[in-house]
Amino acid sequence: GGKAAINITIINFNKEKMQITWAAREIFPNENVSFFYTFDEGKHKVWKPCPTYLLDQDYNSGCLFKTEGPTLAISIRSSNGSEQYFSKIFKTDFYIKPSPPENVTFFWEEDTVTVSCNKPKRNALCLTLELQYKSKFDKEWQSRTSRCCRVGEQGFDPRKCYSFRVRLWRLSRLCNVENYSSAWEAETFWMNGTLLDSCDDDVTPQSKTIIVLSCSQAVLLMMLILLILLCKWQRVQMSVLPAIPDPKYSFADLFNDHNGNLQEWLVKNDHVMLQTKPEYEEPESITEAESQQEDGKDNDKQGPLEKIFTFSGAAENNDGKAAEIACLIPAPNTAAPLAGFHILMNDDMYVML
């Protein structure tokens with residue numbers, strides 16, 4: 001009695017092939033059953049064995065055979081066919097699973113898309129066309145259905161890439177016992193009426209231009225930053241490690257006219273050095289010397305003469321060390337004549353002879 005109430009699945013693939021399946025491992029756990037079918041409607045039926053079995057763990061779980069008529073009788077029996085476990089008679093047209101839509105076309109008009117396909121030759125009124133679409137920013141499909149074989153939808157953004165897929169449905173109650181649909185037609189990708197290979201290729205020429213310009217600006221900005229950093233580094237390097245000047249530029253005549261001969265250059269430039277030497281005297285000392293000369297010329301002249309006389313006396317007494325000290329450490333505010341010039345001496349100055 002339990003075997004007589006087993007559940008089976010019946011599919012008629014577009015009136016071309018029949019597929020009957022059952023739960024073999026649950027209903028017949030320890031037996032490999034056999035299947036027979038016939039499209040004869042009279043009393044004298046000719047039963048045909050299953051030409052192609054569907055297997056589940058090496059057990060027969062279904063049968064696939066050609067559709068040959070509107071009425072089908074099936075029988076599930078023991079492995080040797082002597083005992084019948086289940087039988088059923090039904091109309092094959094109530095279990096039709098349609099084929100995928102053929103020759104699908106897309107028509108774009110601004111933000112509206114109309115999808116159509118070829119109308120089947122038979123039972124077109126029992127079919128509906130379903131359109132599903134989503135952009136790459138959507139997680140779930142949006143669905144629209146219409147009578148076979150044309151469906152439209154509006155509100156598409158021309159800046160987005162969309163994925164489209166379509167299939168046919170067989171209406172239940174009116175035409176089918178089961179609500180069967182076809183397999184999905186191959187998925188296509190569209191953007192503003194242009195067919196793409198995938199939504200990963202939705203980069204338009206304008207987008208490519210923007211990308212190129214952005215990259216160029218980024219490169220120029222990096223070069224400018226590097227140039228600024230280089231200038232900053234050169235300044236820091238000059239501050240921390242100043243460049244040593246080349247003496248040949250400060251003493252060009254020494255190297256150009258005298259070939260680096262220092263003695264020859266000193267002899268020929270001795271008068272120049274003497275003339276330029278007063279330029280480096282401190283202004284305060286010169287001012288002080290002039291004021292002293294105006295106040296008392298006799299007293300100013302007597303000072304250096306006394307020093308000279310003292311130096312001469314020290315020399316006559318063979319006191320070399322005292323003479324050297326007298327020359328190197330002059331008395332404050334002492335004016336010494338040298339080559340026709342009067343030089344004001346102080347504690348911070350020394351004279352080499």
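Placement of Cβ uses the backbone N, Cα and C atoms for every residue, glycine included.
Bear in mind that the values here come from a model prediction, so they are computed numbers and not experimental data.
The compositional bias 'Acidic residues' feature in TrEMBL is assigned to 281-293.
Taken from TrEMBL, the feature compositional bias 'Basic and acidic residues' covers 294-303.
Taken from TrEMBL, the feature domain 'Cytokine receptor-like factor 2-like D1' covers 12-65.
Among the features that TrEMBL reports, domain 'Cytokine receptor-like factor 2-like D2' is placed at 98-193. Helix, strand and coil counts under DSSP for the domain 'Cytokine receptor-like factor 2-like D2' (98-193) come to 3 helix, 46 strand, 47 coil.
Residues annotated as region 'Disordered' in TrEMBL: 278-303.
According to TrEMBL, the feature transmembrane segment maps to 210-231.
In the predicted model, the domain 'Cytokine receptor-like factor 2-like D1' (12-65) shows an average pLDDT of 89.
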